[in-house]
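Features reported for this protein in TrEMBL:
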- 12-36: transmembrane segment (TRANSMEM)
- 25-274: domain 'G-protein coupled receptors family 1 profile' (DOMAIN)
- 43-62: transmembrane segment (TRANSMEM)
- 82-104: transmembrane segment (TRANSMEM)
- 124-147: transmembrane segment (TRANSMEM)
- 183-210: transmembrane segment (TRANSMEM)
- 222-245: transmembrane segment (TRANSMEM)
- 257-276: transmembrane segment (TRANSMEM)
Amino acid sequence: FSDSPELQFPIFITFLSVYLIIVFSNLIIFVTIVLFSPLHTPMYIFLCNLSVIDILYTSTILPKLLAMLLTQCKTISFLECFMQIYFFLSFAGAEVLLLAAMSYDRYVAICHSLHYLILMSPKLCARLVFAVWVLGLLDPVAFMVLIANFSYCHSHHIDHFFCDITPLLKLTCSDTFPVELCIYIYGTVLGVSAFTLTLISYVFIISTILNIQSASGRNKAFSTCTSHITCVIIFYGTMISLYMRPASTYSPQQDKFFALLYIILIPMMNPLLYTLKNKDFKNIFKQLIKGVNFCTQLIIFVMDER
C-alpha cells in the first residue's frame, strides 16, 4: 500500500482495527444465535454460518498482512501461499453457496409463508449447510493441483497483498490456459448457478411483494430481503470483476481495490446489515444491555455495602 516507512505503522493500526471489528462483530452474531433458542430458525442458522465464513476467509488474509506490515518481512513460503489461495477460495465459494441458500429461504418465507415450516424443515436446513461447506472445500481442488505443478520462472515477486490466482499466473512460464479454463468452469458451475438461483428466487419474491395489497405489508416483506440483496450485489460484483475475465486484462491496482472490498468491506457490512434493522436482534441486545446494567448496579451496591 505504501513504501514509506513512516506510513507502515498507521496502516498496520488501521488494518488491525478493521480485523478486530470484523472478528468481534461476527463473533457476537454467532454467539448470540447459538445461545438464544428463539433464533434457532433457518434464517438465523444461515446467518450464523455466514458469520463464521466471514471470520475464516478474512483470517486467511489479514493476519499475514498485519505480520508483514509490522515486521516488514514480506516473504511467504510456497506451501503457505497455496494454502492461503485454497482456503480463501474455499470460503469464498462457501459464501456464494450460502447466499444462494439464504435467497431460497427468503423465497419460501415470502412466497410460501404458510408452508414455511414444512418446506424449510430442520433436516433440509442441515443438509443445505452441510452441502455449502463440503462443496466450498472441494471445488477449488482441481485448479489448485494444476497451479501447484506450474513452473515459476519469471519472478518470485507477487504484486499483491496476498497470494491470489491472477497475480500468481503472471509469474509462471507454463501454459495458463488449463487453469483459466478451470476457473471459468468453476465460476460457471458454482458462481453462475448460485447466482441464477438467487436471481430466480428474487424474481418470484419481488413479484409476490408487488401483489401484496397494503403498503405496510409490502414494506415489511421487502425489509426482510434488503440486507441480503445488498450483500449479494457487492459480493458478486467484486468477484465477477476479479475472476471472470482473461488474465491478460489483469490490473494490479484495480484488483487490490476490489480485493479490499470483499476481504474487508463485506465482512464488516454483514453484521450491520443483518442486525441494525432486525427486531429480534434489537430485542436481544436490549435484554443483554439490561442484564449488564443490572449486574453493574448489583456490583456497585455490594461494594458500597462493604
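Any Cβ shown, glycine's included, is placed from N, Cα and C.
For the transmembrane segment (124-147), the residues of the chain that approach it from at least six positions outside its boundaries are 42, 45-46, 49, 82, 85-86, 89-91, 93-95, 97-98, 101, 104, 165, 168-169, 178-179, 182-183, 186, 189-190, judged by C-beta separation under 8 angstroms. By the count of Cβ pairs under 8 Å, the stretch nearest in packing to the transmembrane segment (82-104) among 12-36, 43-62, 183-210 is 43-62. Same-chain neighbours of the transmembrane segment (43-62): 15, 18-19, 22-23, 26-27, 29-30, 33-34, 84, 87-88, 91-92, 94-95, 98-99, 101-102, 105-106, 109, 125, 128-129, 132-133, 161-162, 263-264, 266-267, 270-271, 274, 280, counting only residues six or more beyond its ends whose CB sits under 8 Å from a CB of the stretch.
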